[in-house]
Amino acid sequence: MAASTGYVRLWAAARCWVLRRPLLAVTGGRVPSASGSWLRRGCRVCDTSTPWGGRVPMGGGQWRGLWDAGSRGGSDETSEGGVEDGATASSGEGPVVTALAPMTVPDVFPHLPLIAISRNPVFPRFIKIVEVKNKKLVELLRRKVRLAQPYVGVFLKRDDNNESDVVESLDEIYHTGTFAQIHEMQDLGDKLRMIVTGHRRIHISRQLEVEPEGLEPEAENKQKSRRKLKRGKKEVGDELGAKPQLEMVTEATSDTSKEVLMVEVENVAHEDFQVTEEVKALTAEIVKTIRDIIALNPLYRESVLQMMQAGQRVVDNPIYLSDMGAALTGAESHELQDVLEETNILKRLYKALSLLKKEFELSKLQQRLGREVEEKIKQTHRKYLLQEQLKIIKKELGLEKDDKDAIEEKFRERLKELVVPKHVMDVVDEELSKLALLDNHSSEFNVTRNYLDWLTSIPWGRQSDENLDLARAQSVLEEDHYGMEDVKKRVLEFIAVSQLRGSTQGKILCFHGPPGVGKTSIARSIARALGREYFRFSVGGMTDVAEIKGHRRTYVGAMPGKIIQCLKKTKTENPLVLIDEVDKIGRGYQGDPSSALLELLDPEQNANFLDHYLDVPVDLSKVLFICTANVTDTIPEPLRDRMEMINVSGYVAQEKLAIAERYLVPQARTLCGLDESKAQLSATVLTLLIKQYCRESGVRNLQKQVEKVLRKAAYKIVSGEAQTVHVTPENLQDFVGKPVFTVERMYDVTPPGVVMGLAWTAMGGSTLFVETSLRRPQPSGSKEDKDGSLEVTGQLGDVMKESARIAYTFARAFLMEQDPENDFLVTSHIHLHVPEGATPKDGPSAGCTIVTALLSLALGQPVLQNLAMTGEVSLTGKVLPVGGIKEKTIAAKRAGVTCIILPAENRKDFSDLAPFITEGLEVHFVEHYRDIFRIAFPLREHQEALAVER
């Protein structure tokens, strides 16, 4: 690549030796050449003698002598340059440096290697460091140097992001560039690093193709034989003019290589101009702007001052001055290229002045910003010094204590009224001693201070006064919640035990039930009834153990877990802590939080709970933990074993109506800014709302619908449509839309093969129909395809599929026992479907329902109408118990069922139900399927009785 390290100004006091002398002088008379001879007016001389006397560095820090300009005296060979004068070091270690001998730069040199650079073009009379990595271009440049043709054309690429040394098309570069001489070349093996000096502007005429290197020896022999002749200065100039012909090039053809290596160029001459008043004014303004930039930005001061002190000809030469002005700026590449391409000197001066003005404004902005930053730093430093002096003065006068003393006093003041265990006090004393030895600004100081802050914020031995009055606690619970008798009874039992013992102990309760039944809200009421502080945190989706047990102090930003945060916030050792959604706890790479809860919720272990951050035992035995969950299946068994499970079941319509009238409607009126006179909802409307819109187990959706009705009522009142709003069953749809539930159940009259079952989900109980039908007609007479089959659909889980297979096997055996001549289930291909296929279903409690549906299809008789059943059936017909009896009973009553069949072992669960739930239900408890068969098919029993009588 042609990488640039920036401009090296001609007159700058830079480190490179080439900057210690002018490389180009435009004189008005004769000047001495490098060899000591005199040149005529207008001749250009490139002085490339080295300050170390013609020696270049070799490997190991040595220098190799390539030429000795002073030993040649006034001979004419000095200006020729040749292979002997520009040699390449071939021995020694390290990079090889080639320093080229002084030579006269030819006025015309049409064929040049092309070097494409980025960002900053090379201006005439300026130096640039260029690196080349392209192999073909590297070989070409080496060949040119060996032939004493150290000249290149440097052109700017149009795309600054292009990092390549060469281009594939001339369209990728600007066609106006600079004719440059390779002043020094350092061969690094895979790349060349060169110092090039710009001499004049050139323009690309066409692309050339490089001939193979095989033609080179002949050219070199001609060159060597030509060098042996001693010629005059004119002959030397002729020879240099003929040198370009030594490298054979041809015009590029259409099938040439993609890379452009050689081009034919022509010199670009500027337009003639007169030194008018306008030109003088522009040059004076440029010089003034440069001096202003020097005054603002010290980076330009040394180089530009030396440049302008070298001679007044710099100021008097508008051509050089315009190039120098543009080169000093950090303008965009296309702006610098525009200056390079401009041939009108007046316009070039204007463009250079414009770029210098922009640079001047930028320098002023930089100076202003630097001054503001420096002033701010001075003020901050002054304020710091004054504060430190004030601290020392106050300390000497006894008005203020040291920071460390104040911190220690604050921490000890916190612990005065607390009963701190001895092992904790030892840790506090040790940390305070360590804090006194630490520097205030060290990171360890802040870590220790934060640790002591947490350690002294724990309410060691401090407890809130509990309410042990049963009557008051019961009134608080009844005031906030309707129903939930099991929960209220358990809380009152806890108060009674505490009253008899004279002290309280912590307990771990778990409320599980459908969403929206009040599990979370009852916990706050319990805290109010007991007089305890309340703290809630949710573990749903938690995957990090550190959320519960804290982080180690070694981590940045470490802090204790939720339990220690709870103690600090509540300021008591006996708060009520609600751990919400314990059935939805996660597991990740940071450990298993459910395992961390084992120590927290174990009454035998939480008296010495160890947080990772505090690293001292904390007593949690007096904390009342209440957990909530929707289902218990996802709670790990060890964790479930440590908790006292209390079922919070869903509500029936009567309970929902009471909750709505007592709690939901008054709360919604308050939120909407209405009173009872402006918006009226009758019990009939609420019943219709519950029946047609809110059939779920909880009351959360009912609360949303009530708020929706009252919001629309408020809108009508504010908009002036009505003064008061009366919601009736007739206009209810105007407030909440079309009814969601229009029918009570799928089948009002069940046909043969269809039986109603009862299901239990996380949302509560529901009715579930099981349908059976023939997939194909029964085989007639032929013995082929005699064995029947059963296909099951309805998105059933693995357990329910196994239950269906068991029911199918038992139904075939039971039918053969009851009616040996009926082989319907043996030979038929039956399809069993559970409707609502989009809803996943699983569980064994549909076994009795499936057997009844298969027998109903085989017998061609419908089951008893308004009959629902639940229970798991074994392979021998025994009916096994199931769960969710309350939810299933509520769902059956909601669907208008009058007869329910339950397993005999669930009698105790049914007996616990409230009378208003079981009222109007005929319940049968069965132990074997024969009992179900007699209840479900009463007509068949009657027919069999008649047959026996006959």
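Cβ coordinates are placed from backbone N, Cα and C, and glycine is handled just like the others.
Positions annotated as transit peptide by Swiss-Prot: 1-65. Feature annotation from Swiss-Prot assigns region 'Disordered' to 67-94, 212-243. Per Swiss-Prot, domain 'Lon N-terminal' is recorded for 112-360. Here Swiss-Prot flags 224-233 as compositional bias 'Basic residues'. According to Swiss-Prot, the ATP binding site annotation covers Gly513, Pro514, Pro515, Gly516, Val517, Gly518, Lys519, Thr520, on the basis of sequence analysis. Sequence annotations record features per position, and here Swiss-Prot assigns domain 'Lon proteolytic' to 749-939 based on sequence analysis. Marked as active site by Swiss-Prot: Ser845, Lys888.
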As a whole number of Å, the Cα atom of Gly516 (ATP binding site) is distant from the Cα atom of Ser845 (active site) by 25
Lowest local Cβ density among Lys519, Lys888, which the record lists as recorded positions, within 10 Å: Lys519
Among Thr520, Ser845, the most crowded of the recorded positions [Cβ within 10 Å]: Ser845
Lowest local Cβ density (other Cβ within 10 Å) among binding-site residues: Gly513, Pro514, Pro515, Gly516, Gly518: Pro515
What is the Cβ neighbour count of Val517 (ATP binding site) at a 10 Å cut-off, with all protein chains included? 27
Surrounding the recorded ATP site, with Cβ no more than 8 Å from the Cβ centroid of Gly513, Pro514, Pro515, Gly516, Val517, Gly518, Lys519, Thr520 and those residues left out, we find Phe511, Thr628, Asn630, Val648, Ser697, Gly698, Arg700
How long is the line from the C-alpha of Lys888 (active site) to the C-alpha of Ser845 (active site), rounded to the nearest angstrom? 11
Looking only at the domain 'Lon proteolytic' (749-939), what is the mean pLDDT? 88
Cα-Cα, whole number of Å: Gly518 (ATP binding site) versus Ser845 (active site)? 27
Reading the DSSP string in three states, the entry for Val517 (ATP binding site) is coil
Using Cα coordinates, what distance in whole Å links Thr520 (ATP binding site) and Ser845 (active site)? 29
